[in-house]
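*Asks:* Taken from Swiss-Prot, the feature Mg(2+) binding site covers 31, 32, 78, 80. Annotated domain 'Response regulatory' per Swiss-Prot: 26-143, in sequence order. Marked as 4-aspartylphosphate by Swiss-Prot on the basis of sequence analysis: 78.
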């Protein structure tokens, strides 16, 4: 006879946000919208990721990445921000750490900027409005 023990529970599944050693992947969220930063944070923490910090513009993001490196596994980077845009911040992070994993966050209609970011070295992109499944899939694919 089949019992409950024959079916793994959702609690037995290893969250996507955990490294093989059980530690969480650490993410720096760079976005000038507090709403978007909070939304990304909620999506990521629900899967076991740790939001290591947030930054409100490219300047802040680059400074925090440098200060926390190598303790950041991935950066989510908005393209359009004050002080320093996401493309420039991406370039500065990659100058500092050529192996940095940066995922660009973009509004619809910014395809040319997304292409530019990918050519410069961004590992993937996510389009706003955020879709939980796509956010998790794209981030997980970069961290594999």
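Cβ from N, Cα, C; glycine included.
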*Asks:* Name the residues of the same chain, 6+ apart in sequence, whose Cβ is under 8 Å from the Cβ of residue 78 (Mg(2+) binding site)?
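*Replies:* Counting only residues 6 or more apart in sequence, the Cβ neighbours of residue 78 (Mg(2+) binding site) under 8 Å are 30, 31, 32, 33, 36, 86, 104, 105, 106.
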*Asks:* Suppose you look only at the domain 'Response regulatory' (26-143); what would the mean pLDDT be?
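*Replies:* Computed over the domain 'Response regulatory' (26-143), the mean pLDDT is 96 on the 0 to 100 scale.
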*Asks:* Please identify which of 31, 32 has the densest Cβ environment, defined as other Cβ atoms within 10 Å, among these binding-site residues.
*Replies:* 31
*Asks:* In sequence order, what residues of the same chain, 6+ apart, have a Cβ less than 8 Å from the Cβ of residue 80 (Mg(2+) binding site)?
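*Replies:* In sequence order, the residues whose Cβ lies under 8 Å from that of residue 80 (Mg(2+) binding site) (at least 6 apart) are 32, 86, 106, 107, 110, 113.
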*Asks:* Report the residues of the chain - excluding 31, 32, 78, 80 - with C-beta within 8 Å of the mean position of the site's C-beta atoms, for the recorded Mg(2+) site, in sequence order.
*Replies:* 30, 33, 36, 57, 79, 81, 86, 105
*Asks:* Is residue 78 (Mg(2+) binding site) helix, strand or coil when read with DSSP?
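*Replies:* For residue 78 (Mg(2+) binding site) - judged by DSSP and reduced to three states - the answer is strand.
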